[in-house]
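Asks: The structure follows.
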Amino acid sequence: MSTAPTSRSHRTMLSRGRQWVPPAVTVAALIVVVASPDAYLQASISRMAPFTVLAVSVAVVTGHAGLPTLGQVAPYAVGAYTTARLALAGITAAPVHLAAGALAGAVVAGVLGAALVRYRGTVFLMLSLAVAELSATSAAGWQAVTGGTDGLAGIPAPSLAPVTPALVDDRAVLLYAATVTTATTVAAILLLHGPRRLLLLGARGNEDRARASGHPVNRYLWLVHTGAGAVAGIGGALLIHTHRWITPADVGFTTAAIVLLAVVIGGATSLPGAVAGAVAVLTVRDVVALSAPGHAPLLLGVLFVAAVYVLPGGLAALPARIRHLPRPRWLTRAPDGSSVAEPVARSMS
């Protein structure tokens with residue numbers, strides 16, 4: 001009796017099971033952190049959330065639209081300062097902040113995108129660099145709105161609704177930040193799924209052919225840039241919710257460069273990979289670097305070089321590369337004892 005159907009079914013179950021490994025590991029880690037009595041750990045993890053949302057925004061523009069950008073800090077900054085001003089004015093409802101941040105970020109990204117999406121490659125990157133520098137300069141100079149170089153501090157904590165208490169407990173803030181980050185990332189993944197993803201892939205791979213087929217490429221890119229601005233605006237609102245202060249340094253070139261680095265490390269075409277890259281970069285910069293004061297840039301450089309050479313596809317490609325490693329013989333047996341091993345002499349390139 002042939003064991004081919006059994007073997008195929010066994011491989012299918014293994015493949016489906018592997019798809020749930022990263023989310024399961026993430027949920028398990030979050031449960032451990034939430035259950036931990038260490039309030040500092042919970043606060044540290046929650047403060048990674050705004051950066052990860054910004055990384056998702058950059059991955060949308062860089063990885064899916066094919067436009068390497070440093071300029072997503074502009075809608076990020078606008079979303080953050082809009083939220084801060086609303087909170088200081090007495091409007092502390094978190095849903096209002098998130099909606100206002102998304103709207104403000106989308107408007108700014110839409111205006112910038114109208115001028116930027118006609119360019120490609122290095123020209124787009126340099127123009128986005130100018131946007132990043134102008135964002136920090138404007139934040140430092142607009143004293144009446146941004147507080148100038150001193151920034152804004154003492155921002156009231158948000159609340160989920162008028163009748164609910166403010167989010168001041170570290171565990172509550174962590175759960176809130178994780179929920180917003182997850183929801184934003186999943187929404188971005190769903191919006192880029194299916195025909196939209198294929199259109200962007202075709203436009204990125206052969207723009208001339210896409211235009212010849214009647215597709216308005218620049219319009220597509222503008223829509224993506226605007227949508228990514230809304231995501232960045234949500235990240236800016238989350239920055240205020242988790243930090244409750246902001247300075248121009250939080251929205252300047254350094255942030256723009258590090259988040260682009262995180263996206264490359266995580267995998268530019270993978271939004272979950274961008275989240276993983278952001279967490280890896282912040283862990284190296286803010287945790288590992290504590291044992292080597294003053295060497296955070298060096299450690300980030302080592303991480304970047306290692307990621308490029310060891311994982312060309314970023315952290316998002318790690319599960320696939322692990323699957324292609326030679327497995328012990330006992331792992332290649334189906335439940336009935338028949339062998340389901342496949343040749344593993346495949347290129348790792």
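Residue numbers in this text run from 1 along the chain shown.
Even glycines carry a Cβ here, placed using N, Cα and C.
TrEMBL lists 20-41, 87-117, 173-192, 220-239, 251-284, 296-318 with the feature transmembrane segment.
Each of the listed features needs to be described in terms of its position in the shown structure.
Replies: Tertiary proximity for the transmembrane segment (173-192) is limited to same-chain residues at least six positions away from its ends with a CB under 8 Å from its CB atoms, namely 30, 33-34, 42-43, 45-46, 49-50, 52-53, 56, 60, 64, 94, 98, 160, 167, 200, 227, 231, 234-235, 238, 241-242, 271-272, 275.
Listed as Cβ neighbours of the transmembrane segment (251-284) (distance under 8 Å, sequence separation of 6 or more from its ends, same chain) are residues 22, 48, 51-52, 54-56, 58-60, 62-64, 68-74, 76-77, 80, 128-129, 132-133, 135-136, 139, 181, 185, 188-189, 192, 236, 296, 299-300, 303-304, 307-308, 313-317.
Tertiary neighbourhood of the transmembrane segment (296-318): same-chain residues 258, 261, 264-270, 272-273, 276-277, 280-281, 284-285, 288-289, 349, selected by CB-CB distance under 8 Å and a gap of 6+ residues from either end.
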